[in-house]
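This report refers to the structure that appears directly beneath it.
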Amino acid sequence: MLANGAIVFLAAALGVSGHYTWPRVNDGADWQQVRKADNWQDNGYVGDVTSPQIRCFQATPSPAPSVLNTTAGSTVTYWANPDVYHPGPVQFYMARVPDGEDINSWNGDGAVWFKVYEDHPTFGAQLTWPSTGKSSFAVPIPPCIKSGYYLLRAEQIGLHVAQSVGGAQFYISCAQLSVTGGGSTEPPNKVAFPGAYSATDPGILINIYYPVPTSYQNPGPAVFSC
């Protein structure tokens, strides 16, 4: 068992060595169908859940060079570079571009986001997430959602120093999609970024080391399913 001081030291050491980005989808080039995140050079993170960067990790919204064409009911592979290093959940959200608006200028503002994927930890001597060490994630595109243009938001929350307010680290980016073959369902319970999370949410403010938690609540709404 590690003393609290040793835990903090270990977590801090890990915090400077394992940062990453979400730069591409499917077999595209880096930042081709993904909006270039502000951490594209330094692999940094967002620490303030009230910051506009919590949406797509862009202080000034700007589009990706192109759009990924996909179909409702398929999966999109979202890539982390080099891989997910820190313990914590991976989650994916989607937001549909309103009819009549341009995906290249729409920034995803307002309560427009619905969750399509989340992973969960295994409990035991320590919390372990299936995402740790992975670089690719198959994101399901719900078969019943409307056709149209969407932003697909990738998020991993590093919880290695999350025992104090503001300690959780958010690694984020947004891909641009064109979805065809969809249905007519409008997902309920949409959320806004910022707005979906509080710094004191139990899945964000948490000591994952000691005492080892026996439960974990993913931040945000439930995963939408058709």
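Glycine too: its Cβ is placed from the backbone N, Cα and C atoms.
What you see is a predicted model, and the numbers here were worked out from it, not measured in a lab.
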Report the candidate from TYR117, TYR149, TYR150, TYR171 that shares the Cu(2+) site with HIS19, HIS86, as recorded in Swiss-Prot.
TYR171
What does Swiss-Prot give as the disulfide partner of CYS226, choosing from CYS56, CYS144?
CYS144
Distance from CYS56 (disulfide bond) back to HIS160 (O2 binding site), taken between C-alpha atoms, in Å:
22
Compare the C-alpha of CYS174 (disulfide bond) with the C-alpha of each of the recorded positions ASN69, CYS144, CYS226, and give the closest one.
ASN69
When the Cα-Cα distance from CYS56 (disulfide bond) is computed for each of the recorded positions ASN69, CYS144, GLN169, CYS226, which gives the smallest value?
GLN169
Among all protein chains shown, how many Cβ atoms are found within 10 Å of the Cβ of CYS174 (disulfide bond), not counting that one?
28
Taking every protein chain shown into account, which of the disulfide-bonded residues CYS56, CYS144, CYS226 has the largest tally of Cβ atoms within 10 Å of its Cβ?
CYS56
